[in-house]
Amino acid sequence: METILGIDYPTLWYLVVGLLFSGYAILEGFDYGAGAWHLFLKKDLSRRIAINAIGPLWDANQVWLIIGGGALFAGFPVMYATMLSAMYIPFMLFLMLLVLRSSAIKFRSAEDMTWWRKTWDIIYFVSNTLIAFLLGVVLGNVLQGFELGENLTYQGGIFFSFLSPYAIMVGFTTLSIFMTQGAIFLLLKTEGRLHARLTFLLKKGMIFFIISFAVTSLYTLTFLHGVTDKFKENPVFFALPILAFLAVANVPRLVSKKKYANALVFSSLTMAFLLMLVAFQLYPVLLPSTIDPKYSVTIYNAASSQKSLGIMLTIVAIGAPLLAGYFLFLYKTFHGKVKLDDTSY
Amino acid sequence: MDTEILARIQFAFTIAFHYIYPPLSIGIGLIMVIMEGLYLKTGNKHYEVLTRFWLKIFAITFGIGVATGIIMEFEFGTNWAVYSRYVGDIFGSALAAEGLFAFGLESAFLGVLIFGWNRVSPRVHFISTIGVFLGSMFSAVWIVVANSWQQTPAGYHIVGEGFNARAEVTDFWAMVFNPSSVDRIIHVWQGAFLAGAFLVLSVHAYYLLKGRYVEISKKAFKIALGLATIISLTQLLSGHSSADGVAVNQPAKLAAMEGHYDKSAPADLYLFGWVNDKTQEVTGIGIPGGLSFLVHQDFEAPITGLNAFPEEDRPGQVNAVFQFYHIMISIGMFLIGLTLYASFLWWKGTLFEKRWLLKIFAFSVLLPQIANQVGWFAAEMGRQPWIVYGHLRTNEGFSQEVSSNQILFSLILFLVVYAILFLLFIYSLNKKIKHGPYDEANNTLDII
């Protein structure tokens, strides 16, 4: 098997996919999170400002989902196909909510009628909240494992079985960290009374996160077999949850000092550490089988050919710096507080 | 209904709906590049007003294109899991390249394009317009490459057997430049330019008929007419080249397009007709030996007909393929006639005096849209029964673990959400057009 710096191609691609999903979680995390606060903002103007805070950015942030999905399909087609077809209902709901959410952003402020704006406000709030929740639910299902038999046949229930208690817990944890991230982002982009209101909301969000996180962690350590074993083998990885905790503990301090950009960095780091924890816990498995570990989808039995992975690593090596450049340009153009003008939503 | 049929209906519906928007974005994108370029070059405010106006419409089509496009990316996995595992090694790298090279470019610059008028210099804004336009062109490239590989696979080998069989890349560039991709990319680009150009023609013809925004509408109409004339003519060339490729690589599809059944006989070229699959006869008007002439420059040359293929290897809906293909050709011919005649009047200096012609242009916006849709239907139905030509059948490609009820559930969801989305699209398009490029009452054109 070919390697770069002693790391084999499937592992490298695992890192690429992990990086893309982390980027998606961090960037769309504040988009979805901001949306999940929408109905907590009472005035029409506040809601408009909140939407325009993500206005020029959300479409670009969504690219991380598109590239992440493409990278999963390209590098681990077996994982892509098996996960999506087994998680049919949650993914279809997720996709539909994405459509509704983008419609809400575009059409909400296009008319002045109160009923029109109120309807879109509800759609916007519900879609953002459920998207964040469903992403966590899918992650919870992956961590728990699927009922996979021989030849990757999915034998689990098809309509509501994805809503297991554990999946729901991970769903709430994801929602709560996105809401924390979203509130910090909005603090960065707003002023005045809206800003004061968000400072108050952020505190609620962090309490929500700490409770969900604590409950989910306890459940994971108690009921998910195999998790603890892996940490006993490599105790150094206990650093990850500790780092995640330290990062999130730093957020209130930075917020009280009004260093919102730094606070956003630290809440992003929390997400990054938690996702690394997930990645480490699973590796080299992508999708554990609850029937028999030999039926699990791993980065080796799911991977594309060496040739194909080599081509795609080249594509990433060329494309990633370009993408970084575009994003720097975009975020630099739209830094600072939201100012509504005739081009705003 | 069974899972396969439902999965196919869902795919056809979601992709056809999606395909209303990206061609419009590519076409309007090119026209915006021309308009904004003229503004920077001449300093004439009229072009700035036009660019800003079309940008608003572009923003809607682009947004719906993205929203419905994400669904396509994941629908392969949810509904076509076996197919996804089979082609992932090949299809995946095209999709990854699309995301990184094309979609990253267009989406990042889109924010600057729409919200950046007051934040960046005119030159940087123009570069962003070009960036978004090029991004949308590249997107088309990678998607059509992937689809073309399904039509004419190249640069691969098949590994494994039965359930574990899959295609793997052996030569990336042979995969990218497979026998049909170049012809089809050009043909798709041209279809997109026509979709955009005819929307611009339609809106400004409407303004001219109403006597509104006359000065700027004449400018916009001429830009779009020039583009539409060149593209509808050259569309004929890429179409012909594409059909030549089909004759070599997918003879069963070509035979279905003209309803040609005889194993090996000269084939006719129909203007229109009706295929009876039972009697294997076509009723209609055509040029005897015409297809033979187009392919071999000889009216007597034999063309392989459908009967040369076993029943299970032929497209199932011959008449549908025939009709879709012929509707596309008829529209193409009509557009050539229309744009040439209008260009002739432009040259004579009487273009804007013929109200009936402007009326035709106001309605002709639908024609390239229909041609784009039926062209794809002919291409995809003509490929049946294969999902990957010659290797994987459509009835083997869908997700085995997904039940028909699940697909029915999501299909209904799609129908409802897309119906709402379409109404919103028409409503906001109509509103933007009625509202117009600038405030007429105060004639803000002179002061902005």
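Placement of Cβ uses the backbone N, Cα and C atoms for every residue, glycine included.
Heads up, TrEMBL stuff is auto-annotated, nobody curated it.
Now, the feature entries from TrEMBL:
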TRANSMEM  B:20-41  transmembrane segment
TRANSMEM  B:53-74  transmembrane segment
TRANSMEM  B:94-117  transmembrane segment
TRANSMEM  B:124-145  transmembrane segment
TRANSMEM  B:188-209  transmembrane segment
TRANSMEM  B:221-238  transmembrane segment
TRANSMEM  B:324-344  transmembrane segment
TRANSMEM  B:356-379  transmembrane segment
TRANSMEM  B:407-427  transmembrane segment
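With a cut-off of 8 Å between Cβ atoms, the residues of this chain six or more beyond the transmembrane segment (B:20-41) that come close are 47-48, 50-51, 54-55, 57-58, 61-62, 64-65, 68-69, 122-123, 125-126, 129-130, 132-133, 136-137, 139-140, 188-189, 191-197, 199-200, 220, 223-224, 227, 368-369, 372.
Only sequence-distant pairs (6 or more apart) were considered; of these, at least three Cβ pairs between the transmembrane segment (B:53-74) and the transmembrane segment (B:407-427) are under 8 A, so the stretches are in contact. Below 8 A, the CB atoms of the transmembrane segment (B:188-209) and the transmembrane segment (B:356-379) form 3+ pairs separated by six or more positions in the chain. Across the candidate stretches B:221-238, B:324-344, B:407-427, the maximum count of CB pairs under 8 A to the transmembrane segment (B:356-379) is reached by B:324-344.
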